[in-house]
Structure formats: C-alpha cells, structure tokens
Amino acid sequence: MEQLRPFFLLLAIFVASLVNAEVHFHEFVIQETPVKRLCRVHNSITVNGQFPGPTLEVRNGDSLVITAINKARYNISLHWHGIRQMRNPWADGPEYITQCPIQPGGSYTYRFTMEDQEGTLWWHAHSRWLRATVYGALIIRPPLSSPHYPFPVIPKREITLLLGEWWDRNPMDVLNLAQFTGAAPNISDAFTINGQPGDLYRCSSQETLRFLVGSGEIVLLRVINSALNQELFFGVANHKLTVVAADASYTKPFSTNVIMLGPGQTTDVLLTADQPPAHYYMAAHAYNSANAAFDNTTTTAILKYKDASCVTLQAKSQARAIPAQLPGFNDTATAAAFTAQMKSPSKVKVPLEIDENLFFTVGLGLFNCPTPNTQRCQGPNGTRFTASINNVSFVFPKQNSIMQAYYQGTPTGVFTTDFPPTPPVTFDYTGNVSRGLWQPTRGTKAYKLKFNSQVQIILQDTSIVTTENHPMHLHGYEFYVVGTGVGNFNPNTDTSSFNLIDPPRRNTIGTPPGGWVAIRFVANNPGAWLMHCHIDSHIFWGLAMVFLVENGEGHLQSVQSPPLDLPQC
C-alpha cells in the first residue's frame with residue numbers, strides 16, 4: 001500500500017485539476033470597423049469591433065469554445081498560435097491546411113482544451129494578410145490546484161503588450177499589389193503597441209498608452225510580436241528585464257536590457273520599478289537582418305510611476321531619447337546573444353534516438369519571367385519574388401483543405417506526399433550561390449511522419465537573394481532548440497555541441513541569417529500540421545510545407561472526427 005501512495009497522490013491531483021477546469025464560451029464577430037490611426041480613418045477588419053481583438057484568459061486545463069461569425073467581405077480562419085490541439089487539427093485554423101475558410105456570412109465554432117500549457121500565447125487570422133488587424137492575446141494561467149508562477153519573485157501586476165504593424169491603407173490591397181507585380185510588398189507605415197503607434201508618429205501622441213506602476217513593484221510584461229513582417233527589438237528605458245518564459249514555456253531566468261522577438265514569438269519578462277519616479281518609454285523598433293527595405297520607425301508606450309505627479313520638460317526630453325538605446329536595426333550580434341541565453345529551467349526529455357533526420361534549406365528565390373520588366377515582373381531584374389523549403393515553393397490548395405482531403409482519403413488534386421527530406425542539390429548554402437539554383441519548383445507537398453517518431457530538423461538559411469532570420473513556426477507542436485550556428489551546418493562537427501540537457505522549448509524559432517538552427521520533437525500529435533516562416537510575405541511566396549503525422553495504434557492516438565460545422569470549400 002505504501003508503494004501506491006505516489007500513484008494515488010498523482011490521481012488526486014489529476015482529478016482536482018479536472019474539477020477546477022472551466023469551459024469558456026466566446027463569440028467572435030469578424031466585421032469591418034472604422035479605425036483612426038495616423039490622422040486617417042480606415043475600415044479595418046476586426047473582431048467584435050476591437051483593435052486589437054479580445055484577450056482570452058484561461059487556466060491550464062480549461063477549454064475554449066469560440067464561435068467565429070464572418071460578417072466581413074473576405075474569407076477568414078482563426079489560428080490559436082502555440083496551442084498544440086492534441087488530436088484536434090480541426091481547431092488549428094490555417095486556411096486550406098486544416099480547414100476551408102469561413103466564407104462571408106458563414107460561421108464555425110472552434111473547440112479546444114489547454115493541455116499542460118501555461119504562459120503567453122496569442123490568436124490571429126490565418127487567411128492572407130487579415131492578421132494585420134485580426135489578432136489578440138491568449139493568456140494561460142497556472143491551474144487553481146497550483147496557481148503560482150515558478151518565478152524567482154512574485155509579480156504585483158501584469159501588462160500584456162501586443163507589438164504590431166500598421167499600414168495607412170488596406171493591408172489586403174498591399175498584398176494584392178505585391179502578388180500582381182511580383183515585387184516586395186510596401187513596408188508598413190507604423191509599428192504599434194496594443195494598436196497605438198505612440199508619441200513619435202503624427203496624430204498619435206494623445207492616444208499613447210500609459211501603464212501605471214508603483215515604486216518598488218514587480219511587473220510581469222507579456223510581450224507578443226504580432227507584427228506581420230518584421231522582427232522587433234523591445235526595451236524599457238533605464239529598466240532591466242528578467243526573462244522568465246518564451247512561447248508559453250518557462251525558461252531559466254536571465255537579465256537583459258533588450259529582447260528580440262520574431263513575428264509569432266512571445267516573451268515574458270519581469271520588470272522591477274526601481275528607478276526614480278518619472279515617465280519611461282517602452283519602445284520597439286525593427287531588427288532587420290536582410291538586405292531589404294524596412295520600416296525604420298519606433299513605436300512607444302509609457303511606463304508611468306504613480307508617484308510621478310507630472311512630467312517635467314527635462315524628463316520628457318530624456319524619455320524621447322530612449323529609443324536610441326535600442327540596438328541598431330541590423331544588430332545581429334545582439335539578437336543572437338539574446339536567443340542564445342534561452343534555456344529550460346531544468347533538465348528536459350530531449351529525443352535522443354532520431355528516426356527522422358531532416359535537413360531543410362529555407363530562403364527566398366526568384367522566378368524568371370518570359371517577358372521581364374512587365375507589370376507582373378517587377379521583382380529584381382524583371383523577375384518575381386518567391387520563397388521555398390528544399391527548393392519547393394508551397395502552393396496552397398483551393399478545392400479542399402489538406403487535412404480534410406487526407407481524412408477523406410481523397411488527396412488526388414489536393415496534395416502529394418513527396419516533400420523532399422533534404423534539398424535536391426547540395427551546394428554552399430551561405431556562399432555565392434549559382435543563379436541556376438535561385439528558381440524553385442512549385443508544389444503542394446507534404447512529408448509523412450510515423451506516430452511517435454523522433455524527429456530532428458536542421459533549418460539552414462541560404463544566401464539566395466539575401467540571408468535572413470526566418471522565424472519558423474510549427475503548428476501542433478512545441479520543439480526543443482538543441483543547437484544553432486553560423487555558416488553551413490556540418491553534421492560531423494556541429495552535432496557534438498548540441499544542448500541535450502536543458503534546451504529551450506519553443507513553437508517559433510529564427511534561423512540565424514547565414515546560419516542554421518536544429519530542433520527536435522516527438523511526432524505524437526496526429527494530423528496535418530503546417531510549418532512556415534511567420535513573415536507573412538514569405539509564406540505567401542511559398543516558404544512553407546506540411547507534416548502529415550499518421551495515427552497511432554493505441555488508445556487516444558488517432559485524429560478526432562471532424563465537427564459537423566467544419567466549413568467546406
């Protein structure tokens with residue numbers, strides 16, 4: 001009986017967690033809403049008339065039931081970024097991958113449970129460029145049975161910061177123009193914090209966000225990069241930040257002056273209000289790792305100490321100088337040093353016996369035109385921009401979603417399962433690449449994984465067009481980042497430096513510009529799962545692929561049946 005006590009204790013904890021779990025019901029109405037920014041009013045696509053959209057707050061073990069009602073003029077789907085959706089790809093959301101989009105006038109109810117996840121995630125549209133304005137935070141708190149954060153200190157308050165991009169025109173028009181011309185899309189006109197550009201933009205200072213703190217208070221900042229196309233540096237004037245979590249996974253705490261987030265990534269930091277009472281800028285601006293045009297403006301909000309009754313001219317002047325304390329736009333060394341400090345809090349169970357050893361080249365490319373420099377060939381030297389993984393530029397299907405076709409056993413005409421595990425040609429990936437390798441093939445290709453297979457992927461950046469930090473997001477999974485380096489990956493020497501003890505767990509990771517990153521995971525979640533660059537111009541150029549994880553043979557190892565209201569194409 002003594003030997004069974006640990007079992008009964010675990011069983012009691014499990015039952016208690018089920019008793020305390022809640023089901024949260026929400027209605028998301030997708031609609032056009034007048035939004036004024038930068039002196040102009042635009043009819044923006046929003047959820048429930050809010051920009052950014054509603055914040056979802058739940059606990060580990062809770063469930064969400066969200067009915068999306070499309071009253072806008074575009075097809076749409078919603079993705080719950082970072083939620084694993086165990087055996088439930090039908091709730092994942094990327095259009096034409098796990099569902100057909102919700103058409104205007106239609107609706108769909110997303111149902112899913114937070115299973116052993118807690119921290120900061122977010123949700124967003126996963127249809128074309130609609131996530132420019134359709135996004136919000138998804139906060140998962142610890143369960144009531146164990147409600148405290150495993151932080152070195154307990155925060156007094158929490159502040160959620162959604163970093164975004166704003167175009168002074170309809171983002172869908174920006175995308176459509178780029179798709180027509182083959183050129184790069186126009187850059188954004190502003191960055192935003194919780195939808196507001198801040199003091200440094202026209203017609204914006206009155207709406208600059210202010211967050212009150214008391215002297216000595218410890219604040220948990222939940223920072224989310226919801227920008228469409230830009231990695232961002234973020235910092236708070238004169239304040240140190242202690243990183244405690246990333247992508248809803250706890251980390252070993254470490255101190256830094258600045259954090260860097262790629263689109264899709266989240267970082268939780270603790271801030272101690274230990275400076276003289278005043279107003280301090282929170283600021284974010286671009287980290288631009290590519291040889292390409294970018295938005296070089298800076299968004300701000302204000303951290304206001306409660307006992308700073310007013311702002312003197314001198315204090316305001318000092319605050320306006322704060323953005324200069326952010327790193328330079330192309331400071332790859334700072335970005336890499338920040339990412340390198342990420343580690344799990346303790347030893348983790350990393351896959352060691354690899355069943356699938358995959359090598360993916362990721363990068364841009366150019367399609368040659370029969371008649372260069374026409375209206376539809378406005379890319380470099382009369383070409384059209386593209387992007388690929390292993391020389392395959394992904395094409396989204398239209399007549400059915402991949403998951404629906406896979407489940408129905410009707411893949412013909414929708415997708416094939418011949419995605420290459422390695423690039424078709426070996427070359428100097430980060431060197432001077434022959435122009436003959438700049439043009440990929442097009443295809444809707446998936447790669448099959450056996451259930452419970454242990455997977456390693458080397459994501460290798462290339463210098464085709466430009467080297468760049470590509471934030472790669474894997475749907476349906478979290479993975480361990482076991483290694484990273486510059487130049488071409490060398491399996492004979494680089495593998496020995498892998499961190500197999502306490503690597504960080506992420507759902508989105510950047511490939512260093514001109515370098516590589518190694519990730520590992522166990523394929524224990526059956527379904528169709530998209531892997532793609534979270535820079536949206538890149539995914540629509542084709543920087544994506546799909547994993548098809550087969551059903552297992554045991555109990556609860558197969559994909560659930562699709563819901564009755566699943567949209568049809």
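First residue shown is number 1, and so on along the chain.
From the backbone N, Cα and C atoms, a Cβ is placed for every residue, glycine too.
What you are looking at is a predicted structure, and each value in this text was computed from that prediction instead of being measured.
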Swiss-Prot annotation, Cu cation 3 site containing His126, His475 - matching residue among His532, His538:
His532
Record says His81, His534 bind Cu cation 2. Source is Swiss-Prot. Which of His42, His124, His555 does it list for that same site?
His124
Using only what Swiss-Prot says about Cu cation 4 binding by Cys533, His538, identify which of His285, His470 is listed for that site too.
His470
Just how many other Cβ atoms lie inside 10 Å of the Cβ on His124 (Cu cation 2 binding site)?
27
Show, in sequence order, which residues other than His81, His124, His534 on the same chain lie with their Cβ within 8 Å of the centre of the Cβ atoms of the Cu cation 2 site.
His79, Trp122, His126, Arg131, Tyr135, Ser226, Pro263, Gly264, His473, Thr508
Might you list, by sequence position, any residue in that chain lying six or more from His126 (Cu cation 3 binding site) with a Cβ less than 8 Å away from its Cβ?
Ser77, Leu78, His79, Gly93, Pro94, Glu95
Composition by DSSP (helix, strand, coil) of residues within the domain 'Plastocyanin-like 3' (418-553):
12 helix, 58 strand, 66 coil
What are the non-local neighbours of His81 (Cu cation 2 binding site), defined as same-chain residues 6+ apart in sequence with CB under 8 A from its CB?
Leu121, Trp122, Trp123, His124, Leu138, Gly264, His473, Asn507
Using Cα coordinates, what distance in whole Å links His534 (Cu cation 2 binding site) and His475 (Cu cation 3 binding site)?
11
With an 8 Å cut-off on Cβ distance to the His126, His475, His532 Cβ center, who else from the chain surrounds the Cu cation 3 site?
His79, Asp92, Gly93, Pro94, Ile97, His473, Leu530, Met531, Ile539, Ala544
